[in-house]
Amino acid sequence: MIAPPPAVILAGGRARRMGGGDKVLLDLCGKPLLAHVIDRMQPQCGEMAISANGDATRFAAFGLPVLPDAVPDFPGPLAGILAGMEWAAARGAKVVISVAGDTPFLPATLIQALAEVAGPDGLALAAERVGENTRTHPVIGQWPVSLRHPLHEALLRGERKIMPFAQAHGARTTLFDADDTAFLNINTPQDLSRAVSAR
């Protein structure tokens, strides 16, 4: 039996529209957003880590390693994905799963569905049907750790957007059926209220 892949939770977002601080530590129904994400991912993945900069002790209660960016100037989620790739590669994994720390209702079949599209060592990003359209969620995906060197070079060149990098490396899309909350990410007080209602 193949061991489930490790996952990195991207937790670098700031709650600027909700008073500041770490967005993933905002309370949702009695526990932090990050705890909801961990609960969703734990049955699906192997080891987990948190991608975040600054004082790691603020995440001590979760008992997971905290991975700072390996490149300077806080270049966004791609740097967190790179940190996750390097961490996963050091554990002998072929891929790492990336998820957003502010997305508390991730599908229970996320990792299985990504692997079905990309294979055990390919690149796939999550997407959902929205009416007649498709919305891709580029921070949620399966990443081959073999891309860590090209990604590091891309970041040093100033690349910051996930989609162009992913598309240049053959990313496939894993399409999930429409669900009002599966990929709901919390950016505003209204989003948080919607998440409370969905619980």
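Using the three backbone atoms N, Cα and C, a Cβ is placed for every residue, glycine included.
Bear in mind that TrEMBL entries carry predicted annotations, made automatically and left uncurated.
TrEMBL names L10, A11, G12, D69, D102 for binding GTP. Of K23, K94, the residue it gives for the same site is K23. All chains included, 24 other C-beta atoms sit within 10 angstroms of the C-beta of K23 (GTP binding site). Secondary structure from DSSP puts D102 (GTP binding site) in coil. As a whole-number mean, the pLDDT of the domain 'MobA-like NTP transferase' (7-163) in this prediction is 93.
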